[in-house]
């Protein structure tokens, strides 16, 4: 297994505030990597640096490198980066007035990819089937995406993301606003998607991390300066059964968090 994303000595700022400090991490291709740790330790900030969404915040900047297949992410066209590295947010965010069909194809149109309508329909169906949504919506594709349930909306957002064939999918607590049944559906989908995509997921649910991920990176707030730092990174089984760092052990055992 090879590294698709290489994070090297990465420090991220929001103005004068340092959110994460000197993070180095390898993300393996075709795997699911979970980022866990207490609130405020920089997990979501790190995620946003991986497709350059971080830089859209006023005063934001980064030091260090993020390499995508050996190429410096911050030397590439940001539009290209966001095609290669998709993002799924905490709360489902379909375009509420767009139809289900239009939602799936939105990324294609935003990236100005011209494909025949027949091909569009084939792509839409393939993406909806990939997220196990086709059977639930195939007879109402013209209805607004905002009419779907929360779990269906999140799967629609994932269908929209995979329509542009990203190599990496970033997920920022994708189940935090969902009920247990919808959460289970998303977790099953994550395990399915890693066959074609590399996935990085932020989650506060340690049971979820243990269920869906191959690798886990543990973060904490540094005692000096209050910025987030990487504590430990290993195979998920190792993290949850025999962690090497006392901070990791204390976190997964519920002593803080």
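Cβ coordinates are placed from backbone N, Cα and C, and glycine is handled just like the others.
Here the structure is a predicted model, which means the values were calculated and not measured.
Now, the feature entries from Swiss-Prot:
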DOMAIN    5-246  domain 'ABC transporter'
BINDING   37, 38, 39, 40, 41, 42, 43, 44  ATP binding site
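Within the same chain, residues at least six positions away from residue 44 (ATP binding site) with a Cβ under 8 Å of its Cβ are 172, 173, 202.
With every protein chain in view, the residue among the binding-site residues 40, 42 whose Cβ has the most Cβ partners within 10 Å turns out to be 42.
Just so you know, the Cβ of residue 39 (ATP binding site) picks up 9 other Cβ atoms within 10 Å once every protein chain is counted.
Those same-chain residues not listed among 37, 38, 39, 40, 41, 42, 43, 44 yet with C-beta within 8 angstroms of the centroid of the ATP site C-beta atoms are 219, 221, 228. Along the domain 'ABC transporter' (5-246), the predicted structure has mean pLDDT 93. The candidate set comprises the binding-site residues 37, 38. Of these, 37 has the most other Cβ atoms within 10 Å.
Taking the Cβ of residue 43 (ATP binding site) as centre and 10 Å as the limit, one finds 27 other Cβ atoms among all the protein chains shown. Non-local neighbourhood of residue 41 (ATP binding site): 219, 220, 221, 228, 229, each in the same chain, at least six residues away, with C-beta under 8 Å from its C-beta.
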